[in-house]
Structure formats: C-alpha cells, structure tokens
C-alpha cells in the first residue's frame, strides 16, 4: 500500500510537527480494511520501533466508515510532513495520544471490526488533564493550543480541534480563532493559465480579436444606415450600399496621378509690403510667376482731335 502525499490537504507545512510515542490517527470516510491500514502504519513507523498498533473501523452517522488508529512506539515518532500518514489519498487527523488509555477506550467504544498487533502500553498522563487519574496534572490552555497548532494540517481541522479541546473559548471567541486559522492556513491563490496557446510574437489569439473587431467596431446594421441616410428608403438598398462600402474599404484604389518628382523650385512670392499697397492703390499688377501673355480686349471709341474751342458766335 503506497503512501500518497501530493494532495492539497497533505502538502507538507512548515508549521506542522508531530513528536510522540503515542500517535492517534482518524481517517474520515475511509473504506479501507483495518488490517491493511494497521499493517501499513506498523511498517511506516518501523524506524521508531513499534510496540503496539490498533486499527478500528467505526460506522459514521451518515453510514460511511471511519478508521481509528492508535500507534505506540518505543521511541517518539517525529515528522514535520503533514502527509506522512496518508494512505492511498486518505489524509488522517493526527494527534498526540498522551492518554493512551482514553484513546484506546474511545476507539473501541463501538467497533465494527478491528485489528491489533503487539502489546498495549498504558499511559496515565492525560492530554486534557483527567482528575480521576492519580498524580495527573491539568494541561494549560497555552499547551493545548500549541499542540493543536503543531498537529492541525488545515483550517477546518484546526477549528474542530479547538472546539473539542476548548469549547467555551471556541463559543465566545470564535472570531479570534477564525482569524488565527486564516493566518496559519492562508488560502492558496490559483495561478492563472491562459486558454490560448502562445504565439510568435506573443499575442493572445488574434483570430478572436479580429472577430470581435468585425462584430463590434466594423459592423453597421442596415437599419442604422437608413437612419443616418434618409435618402435610403429600403433595407435592400441599405444592404447593397453597406456591402459596396465593405468591399471598397478593403480594396486599394489607385489615386490616378503619380507623385511629383521634379526638383525644380518655384520662385518665392514677394511678401506684402509698402510696394504691394502702392500697386493696389494705383492699379498696377506685379507678377510673381513666369511671364504670361495677356490679351486685353479693346473697344473702338471716337476720339476727337485736340483743339481749342472758343465759345461765342461770329
């Protein structure tokens, strides 16, 4: 049976730390056989010399199965990998079973079937401080919360463990625990992946962009064209005009005359000044261009010789 540690919930966290000779695991909604789970845990902690492993199947309220595992070893099992105890994609709730007696009694309260190996070693130190046991010392709230922070692997598990260990504080200070949960286990932001393949140069799907331009910027409906052109009276005429404009606007039309390449320079015209003003008054015209032949229309008129007319009678 392989150990899977690649799921989101089992990603190694720098905050996670487990170190204890008694390990209590709960696999929620796990259909695996207790024997297979127990054998896997036994081989998994072989480095720390296992002495007892109990694997119990329990029926949940929704009809599914839970697996509880109590693992005891001669040396403390130490790991900072929250996915260390994962089995075939199933991630357990991991706790330090400081009161092995209570944990074993809890796991065996209503078993469907179970598997165990080795010799159970009773422990008298209670995780929450059991006053019924002799020489027991009640654990402080700081120690309880510290242990929860070290063993929780996600936000939901952290709040659930707080609720079980400190119910009054959970009910009266839930907003503070939720804040600390968000800080301990921040949401992982998804990396954006473009749906379009990379191109050269790196453009984003020019075909889709061109289609958008055609439908939004370069398209005019016949009805809108008729409103802008009152002389267009029918939809057929408007459609015909739009088709013509569409084809014409995408066809290079020759200008009809080539660009001038002559290096000759025109003479610079004289700027207006006193001389020009005098010409305007006297009626003279100053030519600023090349000489031209001007034809002046003349009309015949009767001229009289210059003579002295004496008034009077002979």
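Positions of Cβ are set from backbone N, Cα and C atoms, glycine also.
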In Swiss-Prot, 58, 66, 68 are given as binding divalent metal cation, so which of 20, 110, 154 is in that site too? 110
Between the ranges 16-19, 24-27, 28-31, Swiss-Prot assigns motif 'RCR-1' to 24-27
Annotated range (Swiss-Prot: region 'Oligomerization') out of 141-153, 167-179, 180-192, 193-205: 180-192
Spatial neighbours of the motif 'RCR-1' (24-27) not adjacent in sequence (6+ beyond its ends, CB under 8 Å) are 37, 41, 66-71, 85, 87, 90-97, 103
